[in-house]
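Report on the following structure.
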Amino acid sequence: MSSGSEGYPYSQEERVAIAAVTRACTLTSSVFETLVKNETLTKGDKSPVTVGDFAAQAVISAIIHAAFPHDPIVGEEDASDLRVESGRSMKDRIVALANDALTTPLVAGEDPAWNLGPGTTRTDEQILEAIDRGNYGGGNTGRMWTIDPIDGTKGFLRGEQYAVCVSFVVDSQVKVGVIGCPNLPVDPSEPSKGLGAIFSAVRGHGARQLSISNPTQGSIALRIPQISESEDLSFLESVEAAHSSHSFNDRVAALLNVQKPPTRMDSQAKYACLARGQGGAYLRMPTGVGYKEKIWDHAPGEVLVVEAGGIVTDSRGEPLNFGLGRTLGENYGVIAAAKSIHPKILAAVQKVQNDAKAKV
Ligand SMILES: Nc1ncnc2c1ncn2[C@@H]1O[C@H](COP(=O)(O)OS(=O)(=O)O)[C@@H](OP(=O)(O)O)[C@H]1O
Ligand SMILES: [Mg+2]
Ligand SMILES: [Mg+2]
Ligand SMILES: [Mg+2]
């Protein structure tokens, strides 16, 4: 399949990513309604993973592989826990969920070559293989995809924000990012209007918001308001204090005379909200426990924010490096903000860091 046949580079990859995220979002929403106790595992790093995470990764990976069979995939999950006897019941449920999502009739924008729709049921082994295809180690050359099938699994389990995230990367630069947020209001000023938005960006071609229920229609272009007064900010930050330092953000906010309280939200929904003008900045500073950020937690958000008129750097002011493998390497945090205000926030972050160093 050739890239860019719709008039801009990587439009085919975007189309595939939107289709995969849309199908996966329908799956995760339905899983949430029916999730029972024995459908969640605790991984080696103590984080939760549900049948929804595994099944969504299988669906997205299967669609990408059918469309671009030679492209490697860096996916968060792997199927090893499902290949042992104790994982049998979860595996059966995951295979059923993934096949349900893959075999629903084709909709506008989907290509028959992607092996979707009635009659395309995969075997158990094909579903496990699809999950395990996400085992690529990453790197700085060539094409690759990232999948975070449920970003913010803790938020998903709480019934709050989570995101289904896919990116397409060439030579370590993110070219396409798609983030599906089933629990996010379509219109932040009118939450009663309904939930479920997809955000999509293609490098050099802008960022837009689509509706999950009808992704081929009514796309809204995204622009971050270029605010210059830090008083107008309301930092977007993680819900989980273990994931990023709330107290560091409080000190930055005090230095910048930020008046509004932070907005806490799980997942890359934070990047999506920033891209559509909410909050003005997303700050994710390490908690100091040596955690390395994963590329699938930031790649779609980075291109989305940049294409909406923002900047994403670490606390040194360096761009995030997606070519180092499955992680972003040593953790210098993430600062994402409108272009107009990013330098001011970066300077405040560095001052708080220096003050902390001077104290020890
Ligand atoms: N210690 C530590 N530090 C930083 N980040 C961590 C840490 N542990 C986990 N994770 C990753 O955080 C991802 C969840 O995203 P958020 O932190 O934005 O959401 S939350 O508000 O904290 O739930 C979460 O993504 P998912 O596993 O996809 O949910 C993890 O990749
Ligand atoms: Mg996880
Ligand atoms: Mg994640
Ligand atoms: Mg995840």
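Including glycine, each Cβ sits where the backbone N, Cα and C put it.
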Glu76, Asp148, Ile150, Asp151 bind Mg(2+) per TrEMBL; candidate in Asp232, Asp250, Asp297 listed for that same site: Asp297
Around the Cβ of Asp151 (Mg(2+) binding site), the count of other Cβ atoms that are within 10 Å: 30
Glu76, Asp148, Ile150, Asp151, Asp297 excluded, remaining Cβ within 8 Å of their centroid (Mg(2+)): Asp53, Ile147, Pro149, Gly152, Thr153, Ala163, Cys165, Ser267, Gln268, Lys294, Trp296
Neighbouring C-beta atoms (10 Å sphere around the C-beta of Asp297 (Mg(2+) binding site)): 23
Residues among the binding-site residues Glu76, Asp148, Ile150, Asp151, Asp297 that border ligand 4 - Cβ under 6 angstroms, in sequence order: Glu76, Asp148, Ile150, Asp151
Residue with minimal Cβ packing [other Cβ atoms within 10 Å] among the binding-site residues Glu76, Asp148: Glu76
List of residues, in chain order, with Cβ under 8 A from that of Ile150 (Mg(2+) binding site) and at least 6 apart: Thr28, Thr50, Gly52, Asp53, Ala56, Phe156, Tyr162, Ala163, Val164
